[in-house]
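Structure record follows, encoded as structure tokens.
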Amino acid sequence: MGVLRLAVCISGVYAAFLLWAIAQERLSKPFPSVHPHPHQQPHSPSDPPPGDKFPSPLFLNFAQALASSLSALCYLSFKAWRDGWKGRGLGQLLGLKEVFGKSQTALNGDAKANKKESELNEKTKEVVEKAPKPPKKSLLALLVQVSVFQTIASPIGFLALRHISYPTMVLGKSCKLIPVLLLNVLLYRRKFSPHKYIVVALVTVGISMFMLFAETSKKKKGGSDSMWGLVLLLVNLLIDGLTNSTQDQIFSSYPSYTGQQMMFTMALTTQIILLPLLVLPLPTNPISLLAHLPPPFGSSVPTSTLSFSPPAALESISFLLSHPSALAPLFAYALLGGLGQLFIFETIQHFGSLTLVMVTVTRKLFTMLLSVVVFEHRLTKGQWLGVGVVFAGIGVEAGMKRKDVMKKAKKD
């Protein structure tokens, strides 16, 4: 059952986010307007048709968060209906009792939590030895912590991309397994079996080689990478590690709290954070706010006129009305993101963040291998070597799991 569930989760993540990436790329391109701009110059048939780009990334994030919360709610409702509801109210369905009150785990003491955690670890084989745990935070505090991490991670990633090349960003993201592993050990004092460190090292090196030796890297590299951009990339990786390790801590400390309940809470929190930013007028140049502060804060900033842009929600709705061709990719982007999140949180709950990150960082590799078979694309020798290193890491993991299963079978 565990192998089948993992296979379904991996297939769901790959399929949903492969199509999601296509929708995301389409949303980054211009859309033709049904109302042509005045004084617009005619274009030749060889030129791409003129258009406008989607005005607000915040609106896109809000749409995906809304779709994620609805997807989680539908999943939880269907699961409760299949189980006959059993007297479940909305609070129990969404896990609100665990979030805002004493959870059953807390009421029954640490003994029951430790027993459930050891059973979970026996299934995933990620944690093989219980370590002394730091004082348990409330579930609400941990969820707020994850929400803050998720909210600031994306803007920092976009800011880093302004100062480094895209291949450098992809290469850095391929090393995401390292901060997830280290922060689980350092922050929450988890102990992993020695082979886990070998697997993480092999997969990270293999994925890095696959990205580094790609032929497109040289073509796309273009500019140089600044030190500031590399610092932002490291901060982004650190935040990713904090997010995933804290999610592991939540499922370890609160076994009755499910992945889809966390997904709903995270998506709802994101909507609450983004809503004021969408409906309120924001300064067109936030740095200009410093000019209006009293000395010494505003003394070194040139005086500038403070202007505000229209609310992003109104701009986005107006854009969709005048550019109806953007509706389909926006709907696909939000829906596929919501469906993909279902598989992501299912993977975290049952197999841990290390397995999830291993799935996500190898997604591009397996997509490229599929393109080699289907479209006869070619890989460089360095990329094939990277593929071999990744499969060596996967082989080590599979071999150790088989060894554990055989040991358990002999005991029984």
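Each residue, glycine too, has its Cβ placed from N, Cα and C.
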Given ranges 169-189, 379-399, the stretch to which Swiss-Prot attaches the annotation transmembrane segment: 379-399
Intrachain residues whose Cβ lies under 8 Å of the transmembrane segment (262-282), provided they are six or more past its termini: 56, 58-59, 61-62, 65-66, 68-69, 71-73, 76, 94-95, 99, 143-144, 146-147, 150-151, 247, 250, 308-313, 316, 341-342, 344-345, 349
Contact yes or no, the transmembrane segment (379-399) and the transmembrane segment (197-217), 3+ Cβ pairs under 8 Å, gap 6+: yes
Asn244 (N-linked glycosylation site) in three-state DSSP notation: helix
Neighbour count (Cβ, 10 Å) for Asn244 (N-linked glycosylation site): 25
